[in-house]
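K.L.:
According to TrEMBL, the protein carries these features:
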- 4-91: domain 'Acylphosphatase-like' (DOMAIN)
- Arg19: active site (ACT_SITE)
- Asn37: active site (ACT_SITE)
- 249-270: transmembrane segment (TRANSMEM)
- 311-334: transmembrane segment (TRANSMEM)
- 411-425: compositional bias 'Polar residues' (COMPBIAS)
- 411-457: region 'Disordered' (REGION)
- 427-438: compositional bias 'Basic and acidic residues' (COMPBIAS)
- 448-457: compositional bias 'Basic and acidic residues' (COMPBIAS)
Amino acid sequence: MSKRISYKVEGDVQGVNYRAFAVKQATSLNVTGHARNADDGTVEGEAQGEPSALDKFVQHLQMGPSEADVKKVDHKEITVRDGEKGFQSNSYTSNMMNCTRGITANAFTKQSAGQALRSLNGKINIAASRPAFIHLQQQCSPPRRQFSTTKVMGIKEFFPAPDAPNIKLTEPAWPHPVYSQEQMEAVAIAHRQAKTWSDWFALSAMRFLRFGLDVASGYKPDKHTKDVAAAKKNPQTGVVKSAMTERQWMIRFIFLESVAGVPGMVAGMLRHLHSMRRMKRDNGWIETLLEESYNERMHLLTFMKMAEPGWFLRLMVLGAQGVFFNGMFLFYLVSPKTCHRFVGYLEEEAVYTYSRVLSDIDAGKLPMFSQMQAPDIAVKYWNMPEDHRSMRDLILYIRADESKHREVNHTLGNLDQKNDPNPYNSKYKDESQPHPVKDIAFQNPTGWEREDVIGKQ
Ligand SMILES: [Fe+2]
Ligand SMILES: [Fe+2]
């Protein structure tokens, strides 16, 4: 049965393609209604559709397009209306008039011209208007978020299901292991002490890379060392004062996950080629490594369902992948052990990052995240139970995955690269003893030592 709501969106939502975004989302969800710019700077309107579709629509309104900065979405149920067709965006003509007048008279403020032109771009020939847009945007509206400035052309649906006449659904080839709530909550921040030169090299390389990622993704480091120490000790109660906004987190997630999927693929590929070239067994490492990169890509695709990266972020991802792939490729040929240790350290940071997000959500610093639900792609991939599908739950799943990568790579870094079997693909003589597993039943954050998994020889 249909439901109708009226809604009001507060924040920086006018002149940022917000209504075009609302139209796009409403249309894809079969929601009818309208959106308009109100005089008080908000966007308001009404929406009607199936209750589940309306819930999703409200979630999209909370996120908004990348140029918007949504502070609050209020909505309430109203009477259903009959015979409404489609979802309309009103009043772009007044913006067009304002802009034209402004340009002609050369007496507009920088912001209003930028806003008006951005509204126009959603409605008129994009190709013809783009040079003007770039020119005026530079003159009129200084870029506020370097990483999300796409969007002259409106929001696109990311990876819609391909239209294959005979295929109904494509399932993931690697089903995700089941994690319990207790297991995920038990994931902890941890650090493996560097013991050898190879460890120190890996740790230094990771810190260098992390510095680059922080700068590129606009990460705000924690200024208050005491708070950071407390948060590292206990992420659930520790307080970090310089919390990032939801949008800044989203940019960081997308950038980090796009890089995180590289090392497993490089290592798996090289071991695959080595096995064929030397006509030797690989002892089960390749599958785990490829599955890790698949899992990282699922993290990325999940975030891509929630935010649209701008051209600058896309450029950064492109550059980072080029550098990181080639660096890993060459270094894995020289010292695979050091590379696994390096990834182990990188995943330690990932666990820390997601723990910080969780503590920020729990401390009420990320209200938008607190209201958001996991997208369908995530619900299906992680088999999220019906009452555990919030953004917090999603971050819990992802953090648990990162803790698994941390453990796997530290463990692989402890092994004989050429001869040892993959402990995560092995059957043990005594299965009752704790041993490496694919899920997180036995957690060993700093990795399993060789003697404990392979045994004394
Ligand atoms: Fe990840
Ligand atoms: Fe990871």
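Placed from the backbone N, Cα and C atoms, the Cβ positions cover glycine too.
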K.L.:
Which sequence positions outside the transmembrane segment (249-270), separated from its termini by at least 6 residues, show Cβ-Cβ distances below 8 Å to it?
P.N.:
145, 147-148, 213, 216-219, 285-287, 289-294, 296-297, 299-300, 303-304, 306-307, 309, 313, 316-317, 320-321, 324-325, 328-329, 332-333, 336, 339-340, 342-343, 346, 350, 353, 357, 366, 369, 405
K.L.:
Would you kindly list the residues that approach the compositional bias 'Polar residues' (411-425) from elsewhere in its chain, counting only those six or more residues past its ends and only Cβ-Cβ distances under 8 Å?
P.N.:
202, 283-285, 287-288, 336-338, 340-341, 344, 435-438, 444, 447-450, 453-454
K.L.:
Taking just the CA atoms, what is the gap between Asn37 (active site) and Arg19 (active site) in Å?
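P.N.:
Their Cα atoms are separated by 8 Å.
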K.L.:
Would you count the other CB atoms within 10 A of the CB of Arg19 (active site), including those on all shown protein chains?
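P.N.:
The answer is 27 other Cβ atoms.
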K.L.:
Please report, as numbers and ranges, the same-chain residues at least 6 past the borders of the compositional bias 'Basic and acidic residues' (427-438) whose CB is under 8 Å from any CB of it.
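P.N.:
Distal contacts: 177, 407-408, 411, 444, 448, 453.
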K.L.:
Provide the three-state secondary structure of Arg19 (active site) computed with DSSP.
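P.N.:
DSSP assigns Arg19 (active site) to helix.
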K.L.:
I'm checking region-level scores; what's the whole-number mean pLDDT for the domain 'Acylphosphatase-like' (4-91)?
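P.N.:
On average, pLDDT over the domain 'Acylphosphatase-like' (4-91) sits at 87.
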